[in-house]
Structure formats: C-alpha cells, structure tokens
Amino acid sequence: MNIRMGCITVNKLLLLIILLIHLSHTSPLTNSLDDLKLNKSFHPSITSAERVTQLHEIVGPEFKEIRQLLDEIRIASLKKHGLFNDQDPTKRIDRQLIRNKLTFDDGTEASINRQISDDLFENDILLTLNQAEDILREIKQSPNLRRRGGRQAISNTRSFWENTTIPYTFNVAQTNDEWRKSIQNAHRHIEGLTCFRFVHYENERELGNKDYLQYFRGGGCWSQIGRIGGRQPISIGYGCESLGIVAHETLHALGLWHEQSRTDRDNHIRVNFDAVMPGTESNFEKRSEQTVDNMDQPYDLGSTMHYGSKAFSNDAKRHIHDKYHCLKLL
C-alpha cells in the first residue's frame, strides 16, 4: 500500500471506503440525517404517480419483482419483531394508512420521499433485484447470523468503482445553474476528504463504455448502492439540494449503506421500536457481514449516513438514542 499526499492508492478500491466513513467527524458536513435539512422549495407539480413511473422506467422489467420483494422484506421484518400475523387484522400492513399517518415533517428526505417509500429501501435506496433478494434472505436468517465486528460498506467486488475518478453528467433538460452548483459543491466536499475525484462530461457520447453517474431532478432524493454499471441515476429532486443530502445520495452510489444498518449497531445506539411508526420497522434492519464491510472502522454516530433520531417516528419524538450519551442526537 502506497500513501501519497494523504491518499491511499491500492488495487482494491474497498479500502478507499475507510476515508468516506469519517466524513462527518472531519468536517462540518452534518450531525446525522437530522441535520440534512431540505430546501423548502418543494415543487408540488410532480405527482406520486409520476414519481413511481420514473422509478419503473429506470429499473425496467424487474421493477415489479423488486417491488414484491420490498413488500416481503417489510413483512419479514414485522414477523421478526412479532408485529405481523396473517390471521390478525390488527397486525397487517396498510401502506396507504402508514403514508397518511406519517405527516410529521422531520425536515429531511424522509418527508419528501414519503409518496414513493413503497418503492425504495430504507426510504432513499433504489435496490437491484440481487440486492433485494440478499436483504430478504438476511432478514429471514438473521437469528442464525454470526455476530462480528461492524461492517457498513458494500463487500461485493463487482459493485466497486474501477478507479477513483468518477465521471458524471447532468440531465440538462431538468436543471438550472443553482441546482448544478449544489451537486458540484457536494463533490468538492467529498474530494477534500477522500481520494475520489468527480469529472463532469457535457456530452454522454464522450464517455464511451464508461460507467458514470447521471444527476437528474427526479421526484425525490434517492440513489443506488455501489456501481451498477452504465448510466447510473441519482435523483436530486425539488427540495433535496442541500449539501448534506447531495453528499448522502452520492455516497450511496460510491458504496455506502446507512450507518445504523451495521451489524454492531446495538452496541452503540438503542432503537425504541415502540416509538417507530408501525409498518416502517424494516427501515431499521441491520446488514450482515455477507453483504457489507466496514473495514473494522468504529461506529460513527455523527455520520452523514446515519438516520436522524426522529426518522420514521410516530409522534415527532426521538426513538434513536445514543447508548452511551457521548453524542446528543437532537
């Protein structure tokens, strides 16, 4: 391993993820998702149906199967917590009722993505079919998983970016200068703390067969996990333009899951499921060592990839608590 000017240059790009995990402690980016405040210039003309149509067009023919797996993931999570029973009407999922009840605006992307939450994992992740299958398998097998040190970044080498230079484009038909600047500001912030570099291409034809990110003004704030291949969309919709949210969605694309999904999560925080909106418990499932790898980095309570303390709350009160009170989650 060679160290040059503070950057780690190795063949396995997974080691670069170590640098990303410390974003919040080495900069004023954010203190968890509670601080990823939305730009309130929400554009109401994008309907729920249009948002779902966008997702369907991006995913393609696998969308319906992924959507079914997301339902199975939610049911499996509820069953694990003893909160679902096919024979008991009081323990069934009514997704529309959940969306109607989640009226509390926590000031983050959790609020703006509410109408497409059924189609996303953990509120802002657009899964591939293989990822959805792996997560469902993990939840069903979770009582038998070996408990090891925390892991948080993707471990599938096929999802690594081939090098540290990430090409990106804008869907110019939907953007303006201020919107583009918000994304480039987030890029500069990440570049200042890691070895990744972002290179803008005006013309997609210049990219040839390269994999690249395409930012567009979709219906919400969401991304995919790791390198998917080809043109990879990141939605920075109306209201999602803050530095923290753009960086958060970009880090998903570089390979990071949410921090509170780590296997060792319960050693550091306590999730009060009594205060979580019924039916949203699957947002707090932990990943296993089979799918994510943290490179033995410490748990980061202040990470920009960490849920805020009120995310998916049923009464606007905190339900994620710092176990050792070393960081106040407001």
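Backbone N, Cα and C atoms are what each Cβ position is placed from, and that goes for glycine too.
The active site annotation in TrEMBL covers Glu249. All protein chains included, Glu249 (active site) registers 24 other Cβ atoms within 10 Å of its own Cβ. DSSP classifies Glu249 (active site) as helix under the three-state reduction.
Annotated Zn(2+) binding site per TrEMBL: His248, His252, His258, in sequence order. His258 (Zn(2+) binding site) falls outside any helix or strand according to DSSP and counts as coil. The local packing around His258 (Zn(2+) binding site), expressed as other Cβ atoms within 10 Å of its Cβ over all shown chains, amounts to 24.
Annotation comment: TrEMBL describes 152-330 as domain 'Peptidase M12A'.
According to TrEMBL, the feature signal peptide maps to 1-26.
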Cβ neighbour count within 10 Å, max among the binding-site residues His248, His252, goes to His248
Counting only residues outside His248, His252, His258 in the same chain, those with C-beta within 8 angstroms of the Zn(2+) site's C-beta centroid are Asp124, Ile125, Ser223, Glu249, Leu251, Leu256, Trp257, Thr304, Met305
The average per-residue pLDDT within the domain 'Peptidase M12A' (152-330) comes out at 84
His258 (Zn(2+) binding site) and Glu249 (active site), compared by Cα position, are separated in whole Å by 10
